[in-house]
Structures are given as structure tokens and as C-alpha cells.
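A quick write-up on the structure given underneath.
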Amino acid sequence: MAWAGNQTLISHFILLGLFTHTPLHLFLFSIIMIMFLVALSGNGLMILLINVDSSLHSPMYFFLSWLSLMDLMLISTIVPRMAADFLLGGGSISFTGCGLQILFFLTLLGDECFLLAFMAYDRYVAISNPLRYSVVMSRRICWLMVAWSWLFGLVDGLIQAVFTLHFPYCGSQEIDHFFCEIPSVLKLACADTSLYETMIYVCCVLMLLLPFSVISASYLRILVAVLRMRSVEGRQKAFATCSSHMMVVSLFYGAAMITYMRPQAYHSSKQDKVVSAFYTMITPMLNPLIYSLRNKEVARALRKLLGRCPCGGGH
């Protein structure tokens, strides 16, 4: 504890969590743990398949392997801590721990925003300009796109984590959330945060709308290119390739926009928790399932990998 005038500044927070210890909440907690294991195994398997199968060594799958890694890191930033707090009780988290959680969470969230935009641009080039695809989407360009995604996310995460913990916090230590999400943390600040909240709102709108505008423009151009195709088979293949990405974009951006593009006055604690659970747990679990179930090349690579594995029994 530290003192600021007549106020005692708190040195740590207490996360109230997502569940209480009731039979229904124990059941929901079990479901979340199953989702966590599915997300870990699904994203881990996607990374493995893309790295070991040469037929998946293309820009689209290169980006997909990074998306799987980001999803893996995102869910691991939130769920293990939440599970430990629920099982062991307490929920105490230090200032530093809270700052690191904000940093990792926002960095990964920003990474995914920009990576999904680059993935949409990749599909646009592949369908609209296939003859120049290998030149436009060279390995160097792909690595630069991934690096820029990480850089944008890291800068955003650092700025918001530092500024959030710059405020003095006194009085209640209880964050009504299952992780250190900025709107919930700022409610405990004993200073006027209205200007900073407005800046966060503008920043989040830009971080979401800039990549989303690239995605929208890319898919509009893709739609025009597909409608001009004379081959029915070519149209079907183009739509099949893009539909998985569009599903992932809809899930991710839909939940993120509900959380970060609504004014603070329209937020409620229960609603924020549900929406946050969606894009921190459900989306990372669904992404590899969407790509594997709707993608013949991934399914073929999985069958090939399983065929290599010794199954025991006969020789």
C-alpha cells in the first residue's frame, strides 16, 4: 500500500472472475476447460500440419499458421489464470501482472486485426491477379506483413498498458471481470479518466476500422472478380477458399466491435464478460475447426500425417 494525500493507493487488484461456485457455474467452467483444450490441440495441430506438409507451404497457410499461433497465445494469456483463480480461490493479481496481461492481450488482439486484413489482401491477389501472385506475395513480403502486424499490436498494447496503470488506484480493489480488461480496470481509478477513455475509444475504432476497411475492400474486389469468371468450378473454388476467412473475420470483428466500439455508457459488467469470453475463448477454438473442416487441403494433410503415425497392433 502507498499513500497519496489522504487516500491509500492499492498495490494489487482482485479479479472477481467469470463464475461463482454453483453447480451451473461448475458445469460452465468444465465446458470452458474443454474449449481451452480443443483450442490448444486444434491450433497446435494447424501449426504442425502447415510446417510439416509441403503442399501447405503457400502464403495463405503461412498467414494461417501465424493466426493459429496468435490464437494459441491469446487463449493461454486468459484461461489458465482464470482457471487457477476459480479452482484455488482468491483472484489476487499484482499491478505488474495486470499490466502484463493488458499488454499481451491487446498486442495479440491488434496482431489478429492486422493479420486478418493481410490475409484478405492475399486472397484478393490470388483470385484477381493470379499470374503475379508469386511476385506480389513473395516470402519477404509475407514476413514483412507478419512483422508489421506484431509491431502495430505491440505499440498499441504498450501504450494502453502504460497509460492505464499510470492512474492512481484507491478504494476498491475488485475488478468485476475475469481478466484485466481496460474498461473494468479504469472504473477503480481515483482520477478523472474521461479524456483517456475517449482516446482509447478513438484508438480502438481506428485499430478495428482500418484493417476492416482493407478486408471489406479486398472482398468487394474479390466478389467482382469471381462474378466475372466464366468457369462455374472456378467460382466455387474461389468462394470455398474465401468463405472460411470470412467466417473467422465475422466472429472476431463482430465480438471486438461490440466491446470496443460502444460508448462506455452502454456497457454492463455481465454483458462485457460474455462478449469477452466469446473472442478470448470461443473464437480461438472455432478458427482451426472452421479452416480444417471447410478446407480440403488441410483435411488431406491431416490424413497424410495420421497415415504416418504408428497405430500399434499389426505390422
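Note: Cβ is positioned from N, Cα and C throughout, glycine not excepted.
As given in TrEMBL:
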TRANSMEM  26-49  transmembrane segment
DOMAIN    42-291  domain 'G-protein coupled receptors family 1 profile'
TRANSMEM  61-79  transmembrane segment
TRANSMEM  99-121  transmembrane segment
TRANSMEM  141-163  transmembrane segment
TRANSMEM  199-226  transmembrane segment
TRANSMEM  238-262  transmembrane segment
TRANSMEM  274-293  transmembrane segment
Long-range Cβ neighbours of the transmembrane segment (199-226) (under 8 Å; 6 or more residues past either end): 110, 113-114, 116-117, 120-121, 123-124, 127-128, 152, 156, 159-160, 182, 235, 238-239, 242, 246, 249, 253, 256-257, 260-261, 263-264
Stretch of maximal Cβ-Cβ contact with the transmembrane segment (99-121) [cut-off: under 8 Å; candidates 26-49, 61-79, 141-163, 238-262, 274-293]: 141-163
Same-chain residues near the transmembrane segment (274-293), Cβ under 8 Å, at least 6 residues beyond its ends: 18, 32, 35-36, 38-39, 42-43, 45-46, 64, 67-68, 71-72, 74-75, 78-79, 105, 109, 177-179, 181, 244, 247-248, 251-252, 255-256, 258-259, 299, 302
Model confidence over the domain 'G-protein coupled receptors family 1 profile' (42-291) (mean pLDDT, whole number): 86
Same-chain residues at least 6 beyond the ends of the transmembrane segment (61-79) whose Cβ lies under 8 Å from its Cβ atoms: 32-33, 36, 39-40, 42-44, 46-47, 50-51, 101, 104-105, 108-109, 111-112, 115-116, 118-119, 122, 142, 145-146, 149, 178-179, 248, 280-281, 283-285, 287-288, 291, 297
